[in-house]
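Working notes, structure below.
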Amino acid sequence: MSFEGARLSMRSRRNGTMGSTRTLYSSVSRSTDVSYSDSDLVNFIQANFKKRECVFFTRDSKAMENICKCGYAQSQHIEGTQINQNEKWNYKKHTKEFPTDAFGDIQFETLGKKGKYLRLSCDTDSETLYELLTQHWHLKTPNLVISVTGGAKNFALKPRMRKIFSRLIYIAQSKGAWILTGGTHYGLMKYIGEVVRDNTISRNSEENIVAIGIAAWGMVSNRDTLIRSCDDEGHFSAQYIMDDFTRDPLYILDNNHTHLLLVDNGCHGHPTVEAKLRNQLEKYISERTSQDSNYGGKIPIVCFAQGGGRETLKAINTSVKSKIPCVVVEGSGQIADVIASLVEVEDVLTSSMVKEKLVRFLPRTVSRLPEEEIESWIKWLKEILESSHLLTVIKMEEAGDEIVSNAISYALYKAFSTNEQDKDNWNGQLKLLLEWNQLDLASDEIFTNDRRWESADLQEVMFTALIKDRPKFVRLFLENGLNLQKFLTNEVLTELFSTHFSTLVYRNLQIAKNSYNDALLTFVWKLVANFRRSFWKEDRSSREDLDVELHDASLTTRHPLQALFIWAILQNKKELSKVIWEQTKGCTLAALGASKLLKTLAKVKNDINAAGESEELANEYETRAVELFTECYSNDEDLAEQLLVYSCEAWGGSNCLELAVEATDQHFIAQPGVQNFLSKQWYGEISRDTKNWKIILCLFIIPLVGCGLVSFRKKPIDKHKKLLWYYVAFFTSPFVVFSWNVVFYIAFLLLFAYVLLMDFHSVPHTPELILYALVFVLFCDEVRQWYMNGVNYFTDLWNVMDTLGLFYFIAGIVFRLHSSNKSSLYSGRVIFCLDYIIFTLRLIHIFTVSRNLGPKIIMLQRMLIDVFFFLFLFAVWMVAFGVARQGILRQNEQRWRWIFRSVIYEPYLAMFGQVPSDVDSTTYDFSHCTFSGNESKPLCVELDEHNLPRFPEWITIPLVCIYMLSTNILLVNLLVAMFGYTVGIVQENNDQVWKFQRYFLVQEYCNRLNIPFPFVVFAYFYMVVKKCFKCCCKEKNMESNACCFRNEDNETLAWEGVMKENYLVKINTKANDNSEEMRHRFRQLDSKLNDLKSLLKEIANNIK
């Protein structure tokens, strides 16, 4: 008989009635790079996969109708079927293979996504089937296979069991696993499908779960809808109907499985036909090696069993014989409970003991079994228990989120470590435990005293631990001999920054670099770009970035630990970055650098949650820097102060103070050690014990310096030049320079005021010329600051004010030079007066150094910001009232000056209590206005026919009342509340904020030339001349020594490393103490609860 004829004959088979439909959700398979056309897929399936047809009719004597032992009626057999009367029916002898006629996509009731299905012979080769799954159905090679068995009949799923299944599906999704089930819409398979659906809906569609159902073709209801017609030569989509309400003994397929394999042995209504092919496929996968496997080359497979009867027992027995580990859920009933109870037996396992357990957990089933069948069950159970190392039992009542994953990982490890081939494969075992994050197992079973690990042995798993963010494993590898310095080669760092670095993080880094133009950000961006350059070559749009390269490419080879730390920090790997931080040199600098990077990136992140995480991690590193520096400072003040000024090229050449200020780490700057260091800088060689009034007195009576009124921190070496040294040390002190500048700045302001009020003539007199000279010195100082700071100069508000003041002064001089014109001379004087305000306000900045005035000035700055917000709200009310008032009172005012007064100025004055008088007709005075608009008076209000004000008082007066109420009561009190909140915030951190602001003033005067104002102008001329000579001679710059190579740096860093270890020990000790305290509290609470229970029992007994 031909293949077409057989296929047409099969179309007439009866497969049950159709019923109601049900909604579905089906996952789609994950694709790989391999792609085949539909015709290639059809040709491959038809050439390699078969169906089976009964070709010998053997009448079943037990059946009422003319039914063959294959389950089909004689009319349902293909043409040419022979009659068999004597022989016992056997599928191998009495069926024949034909090319399969049922494959393609399966659509359940026209809803949901499509799945794949295939009808195949029970003798199909596992290798061919695996090729179909991976190469033609485009499934990725699994990292794990979970074979779920048990509970094929309908049963009520307990909430705890549903939680276990949900965790099982989550594991499958996160590990890239295949799930193998029976594939039908009954019992356990139905619940597994529902959990698959829920997880697929709730998670990213790119992480679809692969759920493969393997069912018997002869047990599938409505299977005629799956058979392709003769005309379907290419793609075929079967519309499968789920008649869930029929009482047909056949099963319907589950709509939530992604792939369905329907095993055919030519029978109808015969269950468990698929068991053999399923076991063979599992064994083939478990023995197959894969280069991409995370478990030492093998694809692990685990059997997950719950409940179940005979077939579940056989499946577990077959899995154990194939060296496949099994996880059994105790409490799920039936066979699972039998096995779980027998595993706990320590004595020799006897048949009577096994039978007792069977009777206990399966009383009805065992009572119906013949004795021979019971013996078979006992034999299978004994065979399973002989390989008890392959069994792992979890209790359903104790199952939590981690119980399932721990059980699977432990089962895989036991199977792996006891396998003759793999028991000495330590690398493979370690990979398995690393994949499942089983640190305790790795510590107890692998890293023992019996084995000595070389650094090279751990490098591969170390790389995996880094990319999988396993900080505890990284620490474990470091503790067991991994040399991180040797591991971090340029190739490893390139792989980390290119393949395992988020593109979004890189974009945010680039945005931050462009937005803030910061030295550290620029350096880090170049560091990352240097590693990613090879990927840019493939991107035409980034061709312009090909020239990005570090100034010194050897930086990464000299500082690989810092590069790895930056990689972890940029990607917010919180715990991993802490482990790496502990290994770096210059931990204080690294912690502050991390705080700086994280806070800057948080500002450019669009995701609020991600930005919050970065801020939180930045604060943690600031805290670490504070605590570590405190530990260092308490041990040795001098070495701790050296840490503050230690700079490293791996952090853009910045030091701790610079990074802390750029990151606004106020808590670090406010530390006593940092403030003491700033005080030393502030006073220079002058002892801090010297009172400020003594220093100021010496400014006016200079000879007192050599009389011992001022004490110094050290004595001069040359006693003959002792007096000279005292004077030099005194006048080069930043505090003295500051005090001198304050005195002369006040004198400058007094001179400026004198010129404006008493000596401003058409021809400048001597005081005015002296004023010009002093402003020129100020101008030179601002040019120097601009030259030193570059574009960052204008980020300081005070620098902007200085520039504005100088600009106004130059503008005033320009008008002043036209003294022949009195109008121009007056304009110049007005500009000078306005400029005087700016120069006077500049005096506020000088007093930020004061502990008392400094915080008040900061409050004032913050309150100015509140005023701007208030003015915005006030402007809304003011303009609304002003325009309405002007429009009601007057018609067609053409003078802009008077429009401004009426709309803006007068409503503004009303906020301060000046009530408008032109809204009440009874008090309106026409002598204060003009009808024509030719006088310098406001336009009179519009009149009616009786020459009375036309405006309605019932509108204007309530309008004024509402406006006064809104502005004088609501808005003013809002401003007061805002001020109160701002003052409260500053007051909470009063000392910290002042200390942070003090840093800028100290650094400003420390970086200035130590020459008093105004004599510093001569030094400026000298610097300009010297710079010109350098440009002419073109002297070659000597290369600076790289950091961490100077002896003093190495000694300081080595000492900091010791302090870091002390600090970490204290942290761990404190954590252990807290844990012990919590345990003690729990014990106390438990004791109190027991006492309470006893008391309640006594009360209950007394009541009875």
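Glycine too: its Cβ is placed from the backbone N, Cα and C atoms.
Per Swiss-Prot, the feature Ca(2+) binding site maps to GLU782, GLN785, ASN799, ASP802. Around the Cβ of ASN799 (Ca(2+) binding site), the number of neighbouring Cβ atoms within 10 Å comes to 17.
Feature annotation from Swiss-Prot assigns coiled coil to 1069-1104; the stated evidence is sequence analysis.
Positions annotated as N-linked glycosylation site by Swiss-Prot, on the basis of experimental evidence: ASN934. According to DSSP, ASN934 (N-linked glycosylation site) is assigned to coil rather than to any helix or strand. Counting Cβ atoms from all protein chains shown, ASN934 (N-linked glycosylation site) has 7 others lying within 10 Å of its own Cβ.
If you look up Swiss-Prot, you'll see 896-912 marked as intramembrane segment, on the strength of experimental evidence.
Residues annotated as region 'Disordered' in Swiss-Prot: 1-22.
The topological domain 'Cytoplasmic' annotation in Swiss-Prot covers 1-733 (among others), and the record cites a curator's inference as its basis.
In the topological domain 'Extracellular' (759-765), helix, strand and coil residues by DSSP number 0 helix, 0 strand, 7 coil. Taken from Swiss-Prot, the feature topological domain 'Extracellular' applies to 759-765 (among others), supported by a curator's inference.
Residues 517, 803, 1000 of the same chain sit 6 or more residues outside the topological domain 'Cytoplasmic' (790-796) yet have a Cβ under 8 Å from a Cβ within it. The topological domain 'Cytoplasmic' annotation in Swiss-Prot covers 790-796 (among others), and the record cites a curator's inference as its basis.
Residues annotated as topological domain 'Extracellular' in Swiss-Prot, with a curator's inference given as evidence: 818-822 (among others).
Residues or ranges marked as topological domain 'Cytoplasmic' in Swiss-Prot: 849-853 (among others). Among residues of the same chain six or more beyond the topological domain 'Cytoplasmic' (849-853), those with a C-beta under 8 A of the stretch's C-beta atoms are 738, 994, 998, 1001-1002.
The topological domain 'Extracellular' annotation in Swiss-Prot covers 891-895 (among others) and is backed by a curator's inference. Residue counts for the topological domain 'Extracellular' (891-895) by DSSP state, with H, G and I taken as helix and E and B as strand, are 0 helix, 0 strand, 5 coil.
According to Swiss-Prot, the topological domain 'Extracellular' annotation covers 913-953 (among others), on the basis of a curator's inference.
The topological domain 'Cytoplasmic' feature in Swiss-Prot is assigned to 985-1104 (among others); the stated evidence is a curator's inference.
According to Swiss-Prot, the transmembrane segment annotation covers 734-758 (among others).
The feature transmembrane segment is assigned by Swiss-Prot to 766-789 (among others), with experimental evidence given as support.
Here Swiss-Prot flags 797-817 (among others) as transmembrane segment.
Sequence-distant contacts of the topological domain 'Extracellular' (913-953) (same chain, six or more residues past either end, CB-CB distance under 8 Å): 885, 888-891, 893-895, 898, 901-902, 906, 959-960, 964, 968. With the fewest other C-beta atoms within 10 Å around its C-beta, GLU782 stands out among the binding-site residues GLU782, ASP802.
What surrounds the Ca(2+) site, by Cβ distance within 8 Å of the Cβ centroid and not counting GLU782, GLN785, ASN799, ASP802, is the set ASP781, TRP786, TYR793, ASP796, TRP798, THR803 from the same chain.
Residues 797, 844-845, 847-848, 899, 902-904, 906-908, 911, 916, 918-919, 938-942, 951-952, 955-956, 959-960, 963, 966-967, 971, 974-975, 978-979, 982-983, 985-987, 990-991, 993-994, 997-998 of the same chain, all 6+ positions outside the transmembrane segment (854-890), place their C-beta atoms under 8 angstroms from a C-beta of that stretch. Taking residue pairs at least 6 apart in sequence, the transmembrane segment (823-848) and the transmembrane segment (734-758) share three or more C-beta contacts under 8 angstroms.
Nonlocal intrachain contacts for the transmembrane segment (766-789), taken as residues 6+ away from its ends with a CB within less than 8 angstroms of a stretch CB, comprise 748, 751-752, 754-755, 759-760, 799, 802-803, 806, 809, 813, 1007-1008, 1013-1014, 1016-1017, 1020, 1023.
Around GLN785 (Ca(2+) binding site), a 10 Å sphere centred on its CB holds 17 further CB atoms from the protein chains shown. For the topological domain 'Cytoplasmic' (790-796), the number of residues in each DSSP class (helix H, G, I; strand E, B; coil) is 6 helix, 0 strand, 1 coil. Outside the transmembrane segment (823-848) by six or more residues, the chain places 738, 741-742, 745-746, 748-749, 752-753, 755-756, 760, 762, 798, 801-802, 804-805, 808-809, 811-816, 854, 857-858, 860, 994, 997-998, 1001 with a CB less than 8 A from a CB of the stretch. When the Cα atoms are compared, ASN934 (N-linked glycosylation site) and GLU782 (Ca(2+) binding site) turn out to be 50 Å apart.
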